[in-house]
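A.B. asks: Just lifted these from Swiss-Prot, have a look:
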- His5: active site (ACT_SITE)
- His41: active site, nucleophile (ACT_SITE)
- Glu25, Asp27, Asp85: Mg(2+) binding site (BINDING)
- Cys45-Cys51: disulfide bond (DISULFID)
- Cys47-Cys190: disulfide bond (DISULFID)
Amino acid sequence: WIMGHMVNAIYQIDEFVNLGANSIETDVSFDDNANPEYTYHGIPCDCGRSCLKWENYNDFLKGLRSATTPGNSKYQSKLILVVFDLKTGSLYDNQASEAGKKLAKNLLKHYWNNGNNGGRAYIVLSIPDLNHYPLIKGFTDTLKQEGHPELLEKVGYDFSGNDAIGDVAKAYKKAGVSGHVWQSDGITNCLLRGLSRVKDAVANRDSGKGYINKVYYWTVDKRATTRDALDAGVDGVMTNYPDVIADVMNEAAYKNKVRLATYEDSPWVTFRK
C-alpha cells in the first residue's frame with residue numbers, strides 16, 4: 001500500500017492517486033463537542049508541504065465517496081484504503097467515546113450513504129493516544145445500533161503514538177479489538193528515525209501470536225528509506241511522494257518481491273510468504 005500523506009483537500013485525492021498512491025491518509029480535527037469538524041493538519045507539518053489545506057469533514061467524505069464508488073464519474077479504482085488520522089489531542093479523555101459515535105454517524109451518512117452503494121474503500125481509524133481507546137467502542141457500537149454491523153468489515157484500527165508494542169496490545173484488549181489491526185511507526189520527514197520498532201512490529205505480525213495484521217512506516221520520501229522499509233517487510237509506506245515509492249518498487253531488487261495492493265487484497269489478513 002502506497003499511502004499518500006496529508007490528503008486534506010478534495011482535489012488532492014486525484015493528485016495523489018495519479019502519482020501512484022492506492023491509499024490516502026487524511027487528518028480529522030474535532031470541535032469542542034467531539035464532532036469531526038475539518039480535514040485539517042495545521043502548523044507544523046512535514047517539511048516541504050503546505051500544512052493549511054482543509055475541507056469541512058462531511059464535504060471531504062462526499063468527495064471521497066465519489067472517488068471510491070464504481071460508476072461515479074470521479075471514480076478512482078486504485079484507491080482502496082483510507083487512513084483517518086484522528087486529531088483527538090484536542091479532546092478530553094472522557095470525550096473519546098463520543099468522538100467515536102459521531103465519527104460513525106458521519107461516515108455512515110456521508111461516506112457509506114446509509115449502506116446504500118456508498119464508497120467501497122477500507123477505512124483505518126488511527127488514534128494517537130492509547131487512553132482514547134473508548135473511541136473504538138463508541139464507533140463500533142454506533143454502527144451496530146444504526147443497523148449496519150456489516151460495515152465494520154470495512155474498518156480497521158491503528159494506534160499511532162509509537163508506544164511500546166505491549167502497551168498497544170493492552171489498549172486493544174480493553175477496546176475489545178482482535179483483528180483488522182494496522183501498526184504504524186514513524187516520524188515527520190523533517191527528522192530521522194531508525195527501524196527498530198518497525199522490526200518489532202513486523203516480528204509481532206509474523207509470529208502468528210501477535211495482535212498486528214499489517215505494518216506501515218511514515219513519512220518516507222527518499223529512495224534509500226523506501227528500500228530500508230521494504231527490506232524490513234512493511235505492508236505500507238506513507239509518503240509525500242507516491243511516485244518515488246512506485247519507482248523503487250519497480251527496481252530489479254523489488255519488482256518480483258512486492259506489488260501494489262488491489263481491492264481484492266484484504267487489508268486485514270496478514271500476508272504469508
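Using N, Cα and C of the backbone, Cβ positions are placed for all residues, glycine too.
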A.B. asks: Are there recorded positions among His5, His41, Cys45, Cys51, Cys190 that sit within 10 Å of Glu25 (Mg(2+) binding site), Cα to Cα? If so, list them; otherwise say none.
C.D. replies: His5
A.B. asks: Sort out for me which one of Cys45, Cys47, Cys51, Cys190 has the most neighbouring CB atoms within 10 A, since those are the disulfide-bonded residues we care about.
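C.D. replies: Highest number of other Cβ atoms within 10 Å: Cys45.
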A.B. asks: Quick one: among the active-site residues His5, His41, which has the most Cβ atoms sitting within 10 Å of its own Cβ?
C.D. replies: His5
A.B. asks: Measuring C-alpha to C-alpha, could you say which of the recorded positions His41, Cys45, Cys47, Cys51, Cys190 are within 10 Å of Asp85 (Mg(2+) binding site)?
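C.D. replies: Qualifying among His41, Cys45, Cys47, Cys51, Cys190: His41.
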A.B. asks: How long is the line from the C-alpha of His5 (active site) to the C-alpha of Cys47 (disulfide bond), rounded to the nearest angstrom?
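C.D. replies: Distance (Cα to Cα, whole Å): 12 Å.
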A.B. asks: Pop the Cα-Cα gap between Cys45 (disulfide bond) and Asp27 (Mg(2+) binding site) into the table, whole Å please.
C.D. replies: 11
A.B. asks: In angstrom units, rounded to an integer, how far apart are the Cα atoms of Cys45 (disulfide bond) and Cys190 (disulfide bond)?
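C.D. replies: A Cα-Cα distance of 9 Å.
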A.B. asks: How many other Cβ atoms are found within 10 Å of the Cβ atom of Glu25 (Mg(2+) binding site), counting all protein chains shown?
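C.D. replies: Excluding its own Cβ, the number within 10 Å is 27.
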A.B. asks: State the count of C-beta atoms found within 10 angstroms of the C-beta of Asp85 (Mg(2+) binding site), not counting that atom itself.
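C.D. replies: There are 25 such Cβ atoms around Asp85 (Mg(2+) binding site).
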A.B. asks: For the Mg(2+) site given as Glu25, Asp27, Asp85, which other residues of the same chain have their Cβ within 8 Å of the site's Cβ centre?
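C.D. replies: Surrounding the site, in chain order, are His5, Met6, Val7, Asn8, Thr26, Val28, His41, Val83, Phe84, Leu86, Lys87, Ser126.
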A.B. asks: Nearest by CA distance to the residue listed as 'active site, nucleophile': which of the disulfide-bonded residues is it, out of Cys47, Cys51, Cys190?
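C.D. replies: Nearest by Cα distance to the residue listed as 'active site, nucleophile': Cys51.
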